[in-house]
Amino acid sequence: ARICPRILMKCKKDSDCLAECICQEHGFCG
């Protein structure tokens, strides 16, 4: 499992996100 804090963060690319979160299609990290 990826380590991804449950914080809503807007993003344009994966590097905008914390830890191992990825930028999802709806424009938020997850």
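Cβ coordinates come from backbone N, Cα and C, glycine included.
Neighbour list (C21 (disulfide bond), Cβ cut-off 8 Å, at least 6 residues apart, same chain): R2, C4, P5, M9, D14, C29, G30. In the three-state DSSP reading, C21 (disulfide bond) counts as coil. Per Swiss-Prot, the feature disulfide bond maps to C4-C21 (among others).
Within the same chain, residues at least six positions away from C11 (disulfide bond) with a Cβ under 8 Å of its Cβ are C17, C23, G27, F28, C29. Under the heading disulfide bond, Swiss-Prot lists C11-C23 (among others).
The disulfide bond annotation in Swiss-Prot covers C17-C29 (among others). Mapped onto three states, the DSSP output places C29 (disulfide bond) in strand.
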I'd like the Cβ neighbour count for C4 (disulfide bond), meaning other Cβ atoms within 10 Å of its Cβ, all protein chains included.
14
